[in-house]
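Noted in TrEMBL for the protein shown:
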- 2: active site, for GATase activity (ACT_SITE)
- 98: L-glutamine binding site (BINDING)
- 231, 267, 341, 342: ATP binding site (BINDING)
- 2-185: domain 'Glutamine amidotransferase type-2' (DOMAIN)
- 343: site 'Important for beta-aspartyl-AMP intermediate formation' (SITE)
């Protein structure tokens, strides 16, 4: 993923302003370490930090149409760019970049071209013929984007908060599936799928239709001119991604360039559930497997960097981002620039353990809709920013537009968890890939219980974080929390600890408003807490908080952790890394 920054209509075309835009753009250089570019037209500035995945040699940005009257800076991947090029035979393209089609599509179709794009993207387009501009974000919000306004009447667009947080009077999250047009003076939604209304679908479940839709989504994402791999936790979602990738990699352009044997990557504490399961899946699929270990102290030492890069104080996002942040650095050090990951399946299929308590198919379906609509604030934000912090791109086939359309059209009665019929969470997805003749995965992996990433890397990770926060946040601080943080007031010491760090990096009120809040149980929305009266007394985003559902649910001792009563020496009981090198480095096994 790249980094984009645009300053539009600031009434200042001076060299000093150009230098300022370049300075702010450099804050995004981690997202695009391969090249930097800037275009200025009067008081309009478009800057770009490039991570080169497609056409590394000539695809530098900003990009232009033939006469250079239309300029665009893009972060993303357009998977159907070859098909789109064929729709415009009279256009001459300057590069082989997949994003090169955007300026030409605008020239040909105007603002309504955005829905033609099959991929993930955030872009700003400037039409110098009338000084109008257009900004847009992909359907689900897989790429991050923020919009801000200056006192001078300017509009700012940035891939990350840090690109504009101290340059704007007000800024906010640019909503997914929307575009901003200077001609119309505001935002409008371009993405309008059938499921967005939350009406209950009735399409019968068809295993082969679902299977083929996912395989197509994975195959699209094999478009690359650089080395790549898959993130493999050993859970259902990432294992299916790895399995389908392995099955279809041979014969692709990527295989011809980089070899047909897939590389897989996993991270966890020593002895964690994910490490064991991932190794088993890797052996079954025959991948070149890389296993990274970290300690609780390694993770704690990285928390400030994680919050700076992820730009949130949400507890579950930080818990899960930290291992991914550490792993991404190691992956990049091996020369890999792109990974395929399994985010999104839990939201689409109701995979979180609290869905066991969904009272009916209507509640089940509307909750999945709410979860998908909020993904850009949670898992998409984590997956994108934790990897982009080290110049690594993450692709997520479960959030393919066409796949979502297929999966969200299924009658939700099929997605319901029914123990008497042997249907556990995500049963429709598991069943679609339960092939006796040519198995995609070992049966016990295919039907492994859901583990949230922050749990699967090792249960002592979350317990250690709570203990660390207990050491640094006093009862008096918690007593005054509502006065210090009136918006999204932290309710736990762990939450307070993260909020202090976030406010130090991003002190503006607008920044705190970009982070979601509200009660949650095992990653539920606030609405779903109503499904079980006991949950309101055990609020924690960990999957183990789903008492009566998770096989390793919190017992009375661990429930006391959530109340701040855990003795702090737990940190000293966590096994330290054994190996040669600096104490805070990760170990690696390949």
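Here the Cβ of each residue, glycine as well, is placed from N, Cα and C on the backbone.
As the structure is a computational prediction, the values presented were derived from the model and not from experiment.
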Ask   = When you look at 231, 267, 341, 342, which the record names as binding ATP, what is the longest CA to CA distance in angstrom?
value = 14
Request  = Output the one of 2, 98, 341 that, of all these recorded positions, has the highest number of other Cβ atoms within 10 Å of its Cβ.
outcome  = 2
Task = Within 10 Å of each Cβ, count the other Cβ atoms and name the one among the binding-site residues 231, 267 with the highest count.
result = 267
Request  = For residue 343 (site 'Important for beta-aspartyl-AMP intermediate formation'), list the number of other Cβ atoms lying within 10 Å of its Cβ atom.
outcome  = 26
Query = Across all chains shown, how many C-beta atoms besides its own are within 10 angstroms of the C-beta of residue 342 (ATP binding site)?
reply = 24
Proximal residue to the residue listed as 'L-glutamine binding site' among binding-site residues 231, 267, 341, 342 (C-alpha distance) = 341
Request  = Can you grab the distance from residue 343 (site 'Important for beta-aspartyl-AMP intermediate formation') over to residue 231 (ATP binding site)? Cα atoms, rounded to a whole Å.
outcome  = 10
Request  = Taking Cα atoms as reference points, rank the binding-site residues 267, 341, 342 by distance from the residue listed as 'active site, for GATase activity' and give the first.
outcome  = 341
